[in-house]
Every structure is written in structure tokens, then in C-alpha cells.
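Following: one structure in C-alpha cells, then a few remarks.
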Amino acid sequence: MSKKWRGWLIALLLVFALSGFSVPAQAWVNEGDVTEKSTSSDAGYYFVELDDKPVATYQGGVKGLKATKVKKDEQLDVQSAEVKKYRGYLSEKRKDYKKWLKKKSAKTKVVEEYSLTLNGIAVKADGINPDTLRQGPGVKKVVKSLQYRPAMNKSHSFINDKPLWKMGYKGDGIKVAVIDSGIDQDHPFFRDPNLKMPEGFPKVPADKEEWVKYTNNKVIVAKVFSPNTEDTPEAIGSHGTHVAGTIAGVEGYKDPSGAAKTPLSGVAPKAYLGNYNVFPCNSCSAESIHIAAAVEAAVRDGMDVANLSLGGEAEPGFDLLAEIVNAASDAGMTTVISAGNEGSGPMTIGSPGTADKVITVAAVANSHFIGQVMDVTVDGEQKSLPVATSDPGGLIERKTEGDLVVVTDGDGMACSRISQDLTGKIAVIKRGECSFTEKAFNAQEKGAAGVIITNNVPGDPSGMSMEETVTIPAVMVSQDDGEWIRNGSKGSVLLNPANLQEFDSENGKTLAAFSSRGPTVNYTLKPDVAAVGVNVYSSVVGGGLASMNGTSMSAPHVAGAAALLKQARPDWSPQDIKASLIGTGTDIEGGPTLPLEVGGGVIDVTNALNTPAMASPASLSFGLVKKQEKKTIQVNLKNTSNTKEVYRFSANKDVKVSAKSLKLKKGASGKFTVTVKGKGEADKDYQGYINITDKKGKKIRIPYHFRTVNR
């Protein structure tokens, strides 16, 4: 297996830090507490990138062909005369290459063609190697296709979106592409009888008119991107349906189970959704050539926003999929991507979230979770503990009781065969190192009546999905409750069947342990912002609701926020939306707010809408700085208020700002510089914020980062 790429099974197969989920209604998917790896494809798929620029980035230069790159506040119009003419030119160039390829290797098939975000084709090679593919006419690069994995009632208060609703901004008319595992269009969370199908929709492939059944007046696109011609846009796994619900589930949906105390709504409940299914099976992977095709289709269909809750591990240097999503942003589509779930180590941001023009999203904890109550007695002391469950359906419906036995094999992880006799007992097992299924199944094989997994990170317990081989009940308790259980000499458990409950949490807005950190492998500053990604309650296939965890769940909060901002400020470009969210982010709880962990901070949509200024670039990546070396970045600051302003700057001693203040008329822009100097310390990260304050005390901030090297 290649070391180059690791996929993060976002929410479906999450990483060691905080994974799995509970499904309180009618859906269940495969589980994990392990890191999945995404590799170079064994299928022999390759991108062949050709020399000319794609439509989204072409700025002229070919005789008789006008520039097609749109202005900052515009969105690409694929029906415009200049775009049609340039696409025709690119098509002829691709034909030249395809003719050459047919002569060189008749068995090699062209499986995708691109012109908007990439100029080139994708092939399934048969009897031809990459070096030969490079010999064709007009070739710029040949890149191996890679495999990727798919990576709320309380969330609204965290991101402060309700004030925009009161102003009438609920995402009306905004179209959001969900590039994921499909959307269950029959789920009641996506039924809005008052929405009118926009002109030119629904969109399905021309030869698949029957796929209109996978659309409704809210889910207005149904397409699939897969090598299997029998695949359809139908949602099999629940990941995409959950993501879509967070983005644009209808307003005021009541939880059928009664667990949620207040009705649910998506962030942008009036927005349209596009189903671009790149994972048309449960727990399958996707080729990057097909993800690229989905991005291209979303741009062609006129989507305003795209959410990609997926990724793989990045390598230094060129990343073609990152270039493609950058081009999508240039085309006017705000593109939001999960940061990844690789935990607390530096340089763990996944691709294509490394792309500089997208919004890359970290995760913070929620202020509640859905679970049950378990009575535990340890050394004569009884406590009623909130637990997250694992049974399909999320609800343990049979009485479970027994004496506690702390498993000691494998440092208490139970990742291999257990030597202790657990007949009729409740096994207490540590979280980590292997999947939840392995732990529970090993206990089941020794006769256990149930399993308690003790969390290995601070915060609330998280739900756990399990494979069908596990037939005994299993729950997770918090790290603190787990320590109390483990430290006792004798204990017992009683779990009576009961309805699911909503538990308030004190851990809201704390950084999620699983959330990937920056900088990127190219030493750029990521993530850009953070949002709720722990115990997010949203729709799943079959009409139910589920709690899921991961940066897969935080990204759609930001995609929904982008939809609200695009409706409220239609002249804002993707970079304006990004700058407004970064500049007005809020601090996390429970620790320092650091750019390499949360970028500008937790998004506040109302603050973003009313930002007093916008900075470009919105964050400052100085990269590696050698001993005594100076690096300077020029920043453009725009006055977005309704009056002339004086902006005052402050920062710590790591950086030097060229001005103490800047006077700007309404709508005007001014420039200043920020300079850093290498101090010769080996591999030390410096990070912080340039704080900018107007006359009324309203603030924005610009995150910065550089790493010093001793050479």
C-alpha cells in the first residue's frame, strides 16, 4: 500500500481521536476507530493535463480567444459566447491527443474530460505506462489518480446564524453542491413544499432522465461519478445525507424520536442542494478523477457553493486536485473542504484542503449529545452516567446488567484475543489502537454480556457504529467516568431500556481532539476557520437522525454559512466570503486560540455579514524563514462599513506591521505590510493574529504563521 495517501473516513470510519456515531433512527453504517488509508489507484487511472489553461483561469493569450476568467464579483457563465468558443478550442486540442492515444494504445479508454477547472482528460490505462502517456501532443503533466474516502439544533448558537434568518436571509435561491455519498431526497428534512424548482433544473445526465426520481424541489441535481456504469445517484451510505441536512435541512423539523428538545434546521434552510455522488456505495472510496469530474459538473451547473467532506493525506509539492478546487473558486463557486481527522499532530491537514483558495474547516465540540442513561455501582457508590450507544438504531432496547470486569489484555485495549473469562460480565475496555468492532467482538467471544468503552480524550462520549458481527450491547462513557470505573475494585452495571435523551455538555466550543492541525505540508497556514464537528445531529438515509463526528460535520456548517452570506451579499466573491469568516472568527473555549488549530477561529455568521473591513490575503503564510532572513507580505485592507474609518493595528513582537493605523473612505482600500525575521531556532512555529480595530471598537483579525529553520 502506498505511503503517499491516507484517506480519512470522515464520520463513517473516523480516526483514533474521537470517532464513530450513534444512529437514533432507521439507519446504520460501518464503523471504526482506526485510520483508513487511501492509496494510489490499482485501477490504472491517470489524469492527462494539457498545456492550455482551463476556462476558469484562462486570462487570454490565444489569438482570437478572449479571456474567460471571471472578475472577482462574478460567477462563470458557461453559456457565454467567449466560454463556448474557448471550450471549443480546448475540445479540439483534446481530440488531437485522443487521436494520438488511440494509435498508441487502442485498449486505453478515456473515461473523463475536463475543460472548466482542468484542461485535460482522465484515462484508464491498459498496456501503456505514464511515461508513454506524457509523449502525446500538448501534454503538461500526467498524474496518477488517487483514492479518497468520505471524511442540528444546538449548532446555530455557536455560529450565530439566526440573526440573518430574522433579516430574511435563509439561503433563498442559493445552490449548494454536496460532493459526497448522495442525498436521500425522500427524507422529510428535505421536503419544502414552498420551494420552487429553479429555471433549468432539475439536472440529471441527458441519457438518464429516469434519475429525476432522485430529485425534488430542494434536491435539484442528481448525478453520479463512478467507474461502474450501473451506479446511480441514490444515497446508500448516510454520510452525504447527514452533511446535506446540516447545510440546508428544512426549518423547524421535529425529531420523531423525541430526543432533541428543540426542532432542527439546517444552517441555510431555504437553499437548494445538488447531489454529486462520488461514493455510491457504503464505505467505498472514490477516484480523484471522479471527484474532479464532480467539481467540474458543479461549476458547469452554476452551483454557488460546494461542500467536500472528504480527503487524503497530502504530499509536498504539486497537488492536482487542490489546483482543481482552486480553479472552482476562480470560477465563482465558494468551495468548503474538511481539514481532516488526523489528530493533534502538526502538518496533518488533508488534501484537497491544502488548496489556498478554498475554506478549510477544523472542528470544535458541541454543547450537547444524544444518548442514554446507565446506572453504575462501583465499590458501593452508584452513579447514573450518560452514555453514547452503539446498537443499530442507536437505542439499546433490552435490559443489560452484569458485574464489571476491567479487561487487562493488550494494555486494556482488547485488540486481540482476550484471555479472561467474561461470561455474563460487562467488559470495560479502553478506546484506541483498533476498531470498536474488534474490541466488542473479542469480548463477545469470551462470553461478555455487554461492553463499556472508556473514552481516551477529554470531553463527551461519542457514539460508535459496529458491524453486524457484534450482537451484544456496547456503550461509551467519558474519560472521567471511565477512570472512576477503572479505579474501583468491584462494580456492576444496569442499563434499562429507555428513550434517547439530549444531554447538555460543558465541552462546547473546545477544540476536537481529532481535528487536523496545520501548517500544510507546504508550510502554508491552514485550517482557515472552525465550526461544530462533534456529536452533530442530522439526517441519515431512511428518514432517521444521527449524531456524527468529524471535520466532515464541521465543513457543512461553513458551507451553509457561505450560502447565507452569498444571498445577503450577492456581489461578494468566494474570497470575500472567506475573508469575512476568517476575519470575524471567535475564540475557542478551554485553551488558547491558535491559527494552526482553528485559523481565524469559530465562525460567527452575523459578525461576518457585518464585518467592518476585509483583508486580502485574509491569512498570512510566510512559510519557512531562515536565520536572519526577512519576509514581507503586502496586505490590502478594504473598508466595508458605511462611513469613512480609521483602522488601528496591533500585533505581538513576532511580526512588524508597517503602519499603526490606516484611514479609509467608505468602500476604499489601502495597503500595509507585515514583516517577519528568522531567529535561527530549528523548526519553531510562530503564530498569532494581526488585530485591526475601527473607531467603534469593531474588530477583525488576520492570522499569521511562519516556521524558523536554523540554516
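All positions are counted from 1 along the displayed chain.
Placement of Cβ uses the backbone N, Cα and C atoms for every residue, glycine included.
TrEMBL lists 1-27 with the feature signal peptide.
Per TrEMBL, the feature domain 'Peptidase S8/S53' maps to 171-599.
The annotation active site, charge relay system is assigned in TrEMBL to Asp180 (among others).
DSSP assigns His239 (active site, charge relay system) to a helix. Around the Cβ of His239 (active site, charge relay system), 33 further Cβ atoms fall within 10 Å across all displayed protein chains. The annotation active site, charge relay system is assigned in TrEMBL to His239 (among others).
Under the heading domain 'PA', TrEMBL lists 401-485.
Positions annotated as active site, charge relay system by TrEMBL: Ser552 (among others). Ser552 (active site, charge relay system) falls within a helix when secondary structure is assigned with DSSP. Cβ contacts within 10 Å of Ser552 (active site, charge relay system), excluding its own Cβ and spanning all protein chains shown: 35.
Positions annotated as domain 'Subtilisin-like protease fibronectin type-III' by TrEMBL: 609-703.
Secondary structure of the domain 'Subtilisin-like protease fibronectin type-III' (609-703), assigned with DSSP and counted as helix (H, G, I), strand (E, B) and coil, comes to 1 helix, 57 strand, 37 coil. Around Asp180 (active site, charge relay system), a 10 Å sphere centred on its CB holds 30 further CB atoms from the protein chains shown.
Recorded residues Asp180 (active site, charge relay system) and His239 (active site, charge relay system) have their alpha carbons 7 Å apart, per Cα-Cα distance. Helix, strand and coil residue tallies for the domain 'PA' (401-485), in that order: 21 helix, 20 strand, 44 coil [DSSP]. Put simply, His239 (active site, charge relay system) is 8 Å from Ser552 (active site, charge relay system) when counted between their Cα atoms.
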